Amino acid sequence: MGMDMIEMIEKAEILMEALPFIQKFYGKIFVIKYGGHAMIDEKAKNWTAQDVVLLKYVGINPVVVHGGGPEINKAMEKMGKKPEFVHGLRVTDEETLDIVEMVLAGKINGDIVSKLSKFGGKAVGLSGKSGRIILAKKKLKKIKTEKGEEIEVDLGRVGETVEVNTELLEILINNGYIPVVSPIGLDEKGEAYNLNADTVAGDIAGALKAEKLILITDVDGIMDDINNPETLHRKLTASELKEMIEDGRIKGGMIPKAESALYALEHGVKSVHIINGKIPHALLLEIFTEEGIGTMITRD
């Protein structure tokens, strides 16, 4: 048997490994939070878009939620707008929100829709304002002062989700479209707010009762030591994850991801996956192989 034939048989075996997963997840909803390096690097953008389109073609229903990456900071610099901070926390004033909306709902959302379309997907760009998908309210951040007093800080147009209206998303999903959502919400008065994309992804996954929430980031998953890949947790339960937040092993940008995972699991999502978008076809490797490549979190 020649090498070409052996390679072809190996390819067939890889496809067969995916079959039980395709059968299991057929017709189910996956909410994918697209962020980090995968949004910047051209190759990684293509891998992610191809993976999302493939999911749709094998009968899975992906919903993409994206953040701003470094694009917002770049746009602010170009426009000569300096970030404002109160007690170390960034404030989103009217002018900043205009820039955030322009970058999120304009440039980034449009780029993702174009990539998905390039590979044969029917993608529709939305913001949380579209069809009032995300009802939001102002978020007041509680912090401790140097004197140990707890105070509430007004961060301007920074909000949190009150409710997710899934009607428009469900119409699009049921008609073969891939919704691509930017994390801007409206309050009851029609005022817009900038929301954390990880949190919005968890909120949408919970509201849609998605099978999976998948968070694409720049690290392999949840690790005890960020510099040591061998400390990666392949599988965690919700209570183990809570413990890691409480004892400080999860910190920085991983905190909103972990909190989003817990919220989603509490609201009916079966499993949450945190994966590294720098790995070629990370989405497919996580979903369609037995061992996966990132961290999978499930209910207790």
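Using the three backbone atoms N, Cα and C, a Cβ is placed for every residue, glycine included.
Since the structure is predicted, the reported quantities are computational estimates derived from the model, not experimental observations.
The secondary structure of Arg90 (substrate binding site), as reduced to three states from DSSP, is extended strand. Feature annotation from Swiss-Prot assigns substrate binding site to Gly68, Gly69, Arg90, Asn194.
In three-state terms derived from DSSP, Lys33 (site 'Transition state stabilizer') belongs to an extended strand segment. Here the Cβ of Lys33 (site 'Transition state stabilizer') has 28 other Cβ atoms within 10 Å, regardless of which shown protein chain they belong to. Per Swiss-Prot, site 'Transition state stabilizer' is recorded for Lys33 (among others), and the stated evidence type is sequence analysis.
Annotation comment: Swiss-Prot describes Lys257 (among others) as site 'Transition state stabilizer', evidence class sequence analysis. For Lys257 (site 'Transition state stabilizer'), other Cβ atoms within 10 Å of its Cβ number 26.
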Cβ-Cβ neighbours of Gly68 (substrate binding site) (radius 10 Å):
21
Helix, strand or coil by DSSP: which one applies to Gly68 (substrate binding site)?
coil
List every residue in the same chain as Asn194 (substrate binding site), at least 6 positions away in sequence, whose Cβ is under 8 Å from its Cβ.
Thr92, Leu97, Val100, Arg157, Val158, Gly159, Pro183, Ile184
Spatial separation of Lys33 (site 'Transition state stabilizer') from Lys257 (site 'Transition state stabilizer') - C-alpha basis, Å:
10
